[in-house]
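A.B. asks: Dropping the structure in here first, questions after.
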């Protein structure tokens with residue numbers, strides 16, 4: 001069964017534009033609050049629904065904060081290729097990483113243990129240069 005691309009609604013386009021302007025990851029609640037502060041009449045459930053749809057389409061990166069909450073950011077990669085993140089644990093600044101050779105290494109390690117169809121997400125957390133100076 002093939003999926004049919006869904007038409008983007010005005011609200012979906014507004015959420016996508018908001019994500020494109022963000023440099024750091026934000027929770028659905030943060031995004032909802034930002035939209036409401038700009039005068040958008042949008043429900044939190046609608047924000048969650050659009051974020052999930054955009055995540056499924058590879059348009060949005062999602063990470064889990066240390067407390068387990070999902071945070072979202074628009075993909076900076078035009079191709080939405082698989083990538084990893086270097087995240088400042090103080091300010092949330094995020095750098096997208098392409099780690100050459102990591103995919104082969106992880107596939108080999110998984111295979112050595114008899115695993116197949118393995119998925120992964122790599123998030124490196126530390127202090128960015130600006131936060132390191134504080």
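For all residues, glycine too, the Cβ spot is worked out from N, Cα and C.
Automatic prediction, not curation, is the source of TrEMBL annotations.
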A.B. asks: Figure out which of 103, 112 sits with 82, 120 in the Fe cation site per TrEMBL.
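C.D. replies: Checking 103, 112 against TrEMBL: the Fe cation site match is 103.
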A.B. asks: Only counting partners 6 or more residues apart, tell me which same-chain residues put their Cβ under 8 Å from the Cβ of residue 128 (Zn(2+) binding site).
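C.D. replies: Listed in sequence order: 88, 90, 91, 93.
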A.B. asks: Should residue 91 (Zn(2+) binding site) be counted as helix, strand, or coil on the basis of DSSP?
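C.D. replies: In three-state terms, residue 91 (Zn(2+) binding site) counts as coil.
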A.B. asks: Taking 8 Å from the centroid of the Cβ atoms of 88, 91, 128, 131 as the cut-off, which other residues in that chain fall inside it around the Zn(2+) site?
C.D. replies: 89, 90, 92, 93, 127, 129, 130, 132
A.B. asks: Setting 82, 103, 120 aside, what same-chain residues sit with their Cβ within 8 Å of the center of the Cβ atoms that define the Fe cation site, listed in sequence order?
C.D. replies: 84, 102, 106, 119, 122
